[in-house]
Amino acid sequence: MIIEVRDDLGSAASIFSRKHPLSCWLSSMLMCFADAFLANFLLGEPVIAPFKRHDDIILATIVWYLVFYAPFDGIYKISKITPVKCVLAIMKEVKRAYKVSHGVSHAAKLYPQSYLVQVLVGTAKGAGSGVVRTLEQLVRGVWLPTHNELLRPSFATKACVVAASVLALEKSGTYLSAPHDLIYLVIVGFFVYFKLSAVILHVTDPFAPIENLFCAIFMGGIWDAVSRALAASRDRRAAGNSNENGSISAPEKKDQ
């Protein structure tokens, strides 16, 4: 997550980290613990609770320091080597699957009859960084409200919604009766496979074709296309009629 913060800063990362170390540290901590912040907010629990574990804060601070202030920028450059990047991606996705499962389980204990709450909390635990990113950017002095995760959800958020829905159905025991270990393993493989596809093959969003088809069928896409076709046909007929009524043929011009 700290590497993502640095990537978001771009070429100004070095200057910003030297001029605004407190803002840089706070934005990094917000991204590291974004899932817990958002899940606690949804469940009405103390939002500041993720900061109660000093060992987590110290570890995240050490990583933040190495990413931004290591000599010759060595740690950040090493993290961009493809094999290292793949290992970090796999570790992150395994952790993401655990967070989604933990969020669904925690919400199921509090709201056993509400599948929506379980899915929301599971998604928040797995992809909370995308929602909190707007606040994190604001801490750094950047205000981009039109680029928030609710307007343009990333593939990670969509995948977490799918995974949380499957786990919520599995928790109910009515709609999905497969063993939990098998479902969890499939979810981990799902996250890891598509993350490696994005890192190695640059696959952006595998859900895009499904979304486009769904929107075309159920979200008015077909009817909008039919309306545009009918309007274009009427315009062509109207243009043809006006040409026939208002134009003068060549023989008539010659006679005149």
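Here the Cβ of each residue, glycine as well, is placed from N, Cα and C on the backbone.
Curation plays no part in TrEMBL annotations; they are all automatic predictions.
These figures come from a predicted structure and were not determined experimentally.
Feature annotation from TrEMBL assigns transmembrane segment to 25-44 (among others).
TrEMBL lists 56-72 (among others) with the feature transmembrane segment.
The transmembrane segment feature in TrEMBL is assigned to 182-201 (among others).
Within the chain carrying the transmembrane segment (207-226), a Cβ under 8 angstroms from the stretch's Cβ atoms is held by residues 155, 158, all 6 or more beyond its ends. Annotation comment: TrEMBL describes 207-226 (among others) as transmembrane segment.
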For the transmembrane segment (182-201), distant same-chain residues with Cβ under 8 A (at least six beyond the ends):
82, 85-86, 89-90, 92-94, 96-97, 100-101, 155, 159, 163, 166-167, 170, 176
What parts of the chain pack near the transmembrane segment (56-72), using Cβ distances under 8 Å and only residues at least 6 beyond its ends?
2-3, 6, 13, 17, 24-25, 28-29, 32-33, 50, 79
